[in-house]
Amino acid sequence: MASLDSLVIFLFSTLFVTIVSSETPCPNFKSIISFGDSIADTGNLVGLSDRNQLPVTAFPPYGETFFHHPTGRSCDGRIIMDFIAEFVGLPYVPPYFGSKNRNFDKGVNFAVAGATALKSSFLKKRGIQPHTNVSLGVQLKSFKKSLPNLCGSPSDCRDMIGNALILMGEIGGNDYNFPFFNRKPVKEVEELVPFVIASISSTITELIGMGGKTFLVPGEFPIGCSVVYLTLYKTSNKDEYDPSTGCLKWLNKFGEYHSEKLKVELNRLRKLYPHVNIIYADYYNSLLRIFKEPAKFGFMERPFPACCGIGGPYNFNFTRKCGSVGVKSCKDPSKYVGWDGVHMTEAAYKWIADGILNGPYANPPFDRSCLRSEIKKESLYNQSTLTQACVKL
């Protein structure tokens, strides 16, 4: 009987791919606290910008698919964090900067497009010019300053942070993008990786000290598949490309390098803080599977041009980007993986989010028992639909 019980438990956990260690906390998340860059920005860069110098994300066709107007998201619609919010039954997370009379009871977002993990002064000393001074450290300081308004007393704030799902990015991508855009040697950019990882780790550690119990920490994307890099580093040497994806192999190897170093550091933190649930989100492989089998996920075949752009083999031009006058989007963004040459479409982000939330691209997997019953039913229905129909959710 004991062996039969064990088998049943094993099969149950395998079917739903959601069981985490019994030592980890299992809250019904009451809010989402977010840090990061454009992958998670829901309007902060727009909020921080001069009204006469707004970023392209403040203009159509950004936001056309779901919100039907620009929201400051670097996407045609929802981003990964929006699908995470839906999954845990919370509202979309509002941006903190530039917000007036916003309700942050269910979440607050400090992610800013262009943000780096490292201080701007650190990068400038190395000849790297970031587009914003709002680094991860600045975001954390802003969060601390906001606490009296968000939660009141220290004990209330500790409870709030402890009951939140804390999303750590993606962050660090811009620390690498800026030097790569200037064609810095890969070995030189690799030297930044330990510093980027240390910045992410120290921020997590500080938030744990403030009461944080559940963290979702994404790795790097397969940047060799990004339209901006395929355009910038276009070459006639076919050996530079992965024949299974059409992506630049050396850039993808760099993305893997960052992600592997991050996973090592997260394992170290787990040993130091066994009461904290630190979930690694494998953005790399959750997206790479789409490039390997685009038709399976409802996307057009290679060469994976940007939906919104103009010119060149990938529909991308550095001087006339999406959101600029005269630059239009494609008729059906759901058939495209890439949105504007740098970021993905809502359709691609939904698949990435599904890979994280429903498996197998989160370690440890999300614990479905943490979700309210109505959310569980909806997620299971969506997962079943996705598996049976194999169409875009």
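Placed from the backbone N, Cα and C atoms, the Cβ positions cover glycine too.
Feature annotation from Swiss-Prot assigns signal peptide to 1-22; the stated evidence is sequence analysis.
A C-beta separation below 8 Å, combined with a sequence spacing of at least six in one chain, links Ser38 (active site, nucleophile) to Leu45, Thr57, Ser74, Ala111, Val112, Ala113, Gly114, Ala115, Val342, His343. Residues or ranges marked as active site, nucleophile by Swiss-Prot on the basis of similarity to another entry: Ser38.
Around the Cβ of Asn133 (N-linked glycosylation site), the same chain contributes Ser120, each under 8 angstroms and 6 or more positions distant in sequence. As annotated by Swiss-Prot, N-linked glycosylation site applies to Asn133 (among others), with the evidence given as sequence analysis.
Listed in sequence order, Gly309, Ile310, Gly311 are the same-chain residues at least 6 apart in sequence whose CB falls under 8 Å from the CB of Asn317 (N-linked glycosylation site). The N-linked glycosylation site annotation in Swiss-Prot covers Asn317 (among others) and is backed by sequence analysis.
There are 27 other Cβ atoms within 10 Å of the Cβ belonging to Asp340 (active site). Asp340 (active site) falls outside any helix or strand according to DSSP and counts as coil. If you look up Swiss-Prot, you'll see Asp340 (among others) marked as active site, on the strength of similarity to another entry.
Packing around His343 (active site) is summarised by its Cβ count: 26 other Cβ atoms lie within 10 angstroms of its Cβ, all protein chains included. The active site annotation in Swiss-Prot covers His343 (among others).
What Swiss-Prot records for Asn382 (among others) is N-linked glycosylation site.
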